[in-house]
Amino acid sequence: TETENKTEVTEFVLLGLSQMHEVQLFLFFLFLLFYVIVLPVNILIILTVRGDPQLDSPMYFFLANLAFLDICYCSVTPPKMLADFFSQQKTISSRGCIAQLFFLHFLGGAEIFLLIAMAFDRYVAICKPLHYATLMRKTLCWVLVGTAWAGGFTHSIIQVAFVVHLPFCGPNELDNFFCDVTQAIKLACTNTYILEFIMFVNSGLVIFICFVLLLISYSVLLTHLKTGISRGKSKAASTCTTHIIIVFIMFGPAIYIYCWPFCRLPLDKVVAVFHTMVFPLMNPMIYTLRNREILSAMKHLLVQYFLQRGK
C-alpha cells in the first residue's frame, strides 16, 4: 500500500540458506531426516518421565519441561524452512514475521530461565541435601517453570513492542531462512542505532550475564563436590557436567547472534541453523544419554509398548 509516497512493506522475501536447487534438495532431506529421528526421541523423554514413578523428582520434571520447550522452539522456523525449499518465491508476511520473532524469543527466553531453575535445583540437591525434599516440592517446581515461561513472555513482548511500530518501506529482503530481530530492524526506514542498543541489552547482555552466572554456579557446585564428602558424588558431578554441556550448547550460538547487533558475521546462517533447529533438539538427548536411570526407563517403556502391540 502507498503511504506518504512510500511503499509500506507487507511481506518479506527470505533468501534462505542457498540459491542452488541441488543444495536446497540436499539440505531438505538432511534436515527432514534429523527432524524425523530426533523429534520422537524428545517426545519419548516426556512420556518416560511422566509414566515412570521412579522418575518423579524435580530433576526429571525440569528435563521433561526442557524437552517440551525444545519441541515447541523447533516448531517455529523449521516447518516453513522445509516448505520453502520447494518454493520459487520464499516470502513471509509482515504479521507472520512478527509472530515468528515473538515465539522464537518467547520460547528461547523461557528455556534460558528454565536452565536457571535447573541450576537452582542442583544447588539445593548438592548444598542442602537434608532440606531438598522439603524445599523442592511440586508446588515450587511449578512456580519455577511458570516463572520461566513468564520471563520468556516478558522478554519477547519487549522485542515485539519495538519492532512492530517500525516503518518498513523497502528493501524487503532478509538474508536468512527466518525472521529475527537482528535482521528485521536493519530494513526499517529510520535510524535504528538506539533500538539496536536496546535490543542488545534486552537480548545479548541478558544472555551473556545468565551464561556467566550459570557457569559460576556450576563451577562452585563442582568445587563443593570435589572438596566435600557426600554420597552419590560421582552421579551429582556427572549431572552438573551434563548441565554445563547443555548451557554451552544453548548459550554459545545465542551469544554469537545477539551480542553483535551492529554487524553481520560470515557464519550467521550456519549458527542460526544450529541455534533454531539442531541444538535445541539435542539438549534433552545429551542429558538422556548421560543418565542411566532415564535410559533404563525409556527401554522399559518401549519394551512394554511393543509387547502390548504384539498381543
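In case you wondered, yes, glycine gets a Cβ from its N, Cα and C as well.
Not measured: the values here are computed from a predicted model.
Listed features, source TrEMBL:
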type     : residues : note
TRANSMEM : 25-47    : transmembrane segment
DOMAIN   : 41-287   : domain 'G-protein coupled receptors family 1 profile'
TRANSMEM : 59-78    : transmembrane segment
TRANSMEM : 98-120   : transmembrane segment
TRANSMEM : 140-164  : transmembrane segment
TRANSMEM : 205-225  : transmembrane segment
TRANSMEM : 237-258  : transmembrane segment
TRANSMEM : 270-289  : transmembrane segment
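Within the chain carrying the transmembrane segment (205-225), a Cβ under 8 angstroms from the stretch's Cβ atoms is held by residues 112, 115-116, 119, 122-123, 126-127, 155, 233, 236-237, 240-241, 243-244, 247, 251, 254-255, 258-259, all 6 or more beyond its ends. Using a cut-off of 8 Å between Cβ atoms, the transmembrane segment (237-258) and the transmembrane segment (98-120) share at least three residue pairs, counting only pairs 6 or more apart in sequence. The list of residues near the transmembrane segment (270-289) in space but at least 6 beyond its ends in sequence, with Cβ under 8 angstroms from a Cβ of it, reads 17, 31, 34-35, 38-39, 41-42, 45, 63, 66-67, 70-71, 73-74, 76-78, 81, 104, 111, 176-178, 180, 242, 245-246, 249-250, 253-254, 256-257, 295, 298. Sequence-distant contacts of the transmembrane segment (140-164) (same chain, at least 6 residues past either end, Cβ-Cβ under 8 Å): 58, 61-62, 65, 98, 101-114, 116-117, 120-121, 181, 184-185, 195, 198-199, 202-203, 206. When pLDDT is averaged over the domain 'G-protein coupled receptors family 1 profile' (41-287), the result is 86.
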